[in-house]
Amino acid sequence: MGARGKTLVPLLVVVATAAMALQSTYLQVDPEKPELQEPDLLSGPCGHRTIPSRIVGGDDAELGRWPWQGSLRVWGNHLCGATLLNRRWVLTAAHCFQKDNDPFDWTVQFGELTSRPSLWNLQAYSNRYQIEDIFLSPKYSEQYPNDIALLKLSSPVTYNNFIQPICLLNSTYKFENRTDCWVTGWGAIGEDESLPSPNTLQEVQVAIINNSMCNHMYKKPDFRTNIWGDMVCAGTPEGGKDACFGDSGGPLACDQDTVWYQVGVVSWGIGCGRPNRPGVYTNISHHYNWIQSTMIRNGLLRPDPVPLLLFLTLAWASSLLRPA
């Protein structure tokens, strides 16, 4: 073998190895497994947590129990909750941006149990991500319906035991009338009671209330409003378990066969934990197509570079083997 051939063999080995490594970064989606999202929505497994097992009437959460929970921060201060959908996309409530919709002002903190990590917590800084772009639902007009927003991050999130994405479904009928779903957040623990230091993430178990019942509850005396089709209610008729101020944008999540799905986004309520005033959430399934199309239009999908890389390498190699 000539000098060209001697150079070519190790080069091809290096290129093939690099191509295999690159291909491994593109997670393959198995349609037979329910815990894997469609490839054009999420790039791999979702809804799994490492810890088995505001919020009014809640308890302190454990680190890693809700690994998709994010703290949406404006100028470094917690304002709303958020959830991680994949390495570049985050879901929250549109009304969080009523006063400031400049992406430069916003970051999302993942992997922390407190909304106020220590200044010396270098790990927290490494898990804080700048917002690149904000996408509000085109139907949102500073009113409660369509209260949903997608955030594109400026850099990809690094997954670990405490940072993982949650799953979405285009239909949440299977969660209707469930009594064992959860709301999480760093909001107030009562209408007149802020979350005390050390500002630990709170969790509370709530029941899904069908819209017909929720409308009936909200039409009782002293306040009347309508529960729209893109809303879902959760709580208890007697009150005491609810999201509160500062929980907006966070997840209402339910599990199915140990896989966790986000059913709703914390949107609004009358007070916090009042009887016959359950929390109202944006129904994820109602906006599933918008979430999907927004991600696709704005750069979620990337062409697989492996075939192109191998083709160009082989073409170049064949040119080297031609007689001089």
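Using N, Cα and C of the backbone, Cβ positions are placed for all residues, glycine too.
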Cysteine of CYS214, CYS244 paired with CYS233 via disulfide, per Swiss-Prot:
CYS214
CYS46, CYS96: which one closes the disulfide with CYS80 in Swiss-Prot?
CYS96
Using only C-alpha positions, which one of ASP147, CYS167, ASN210 is spatially nearest CYS244 (disulfide bond)? These are the recorded positions in the record.
ASP147
Find, among the disulfide-bonded residues listed as CYS80, CYS181, CYS214, the one whose Cβ has the highest number of other Cβ atoms within 10 Å in the structure shown.
CYS80
CYS254 (disulfide bond) and CYS46 (disulfide bond), distance between Cα atoms, whole Å:
13
Can you give me the same-chain residues 6 or more apart in sequence from ASN298 (GPI-anchor amidated asparagine) with a CB-CB distance under 8 Å?
ASP133, PHE135, LYS152
Across the whole of the domain 'Peptidase S1' (55-296), what does the mean pLDDT come to? Round it, please.
87
When you measure from the Cβ of ASN210 (N-linked glycosylation site), which residues in the chain that are at least 6 apart have a Cβ under 8 Å away?
GLU176, ASN177, CYS233
Quick check for the class: what is the C-alpha distance, in angstrom and rounded, between CYS167 (disulfide bond) and CYS214 (disulfide bond)?
25
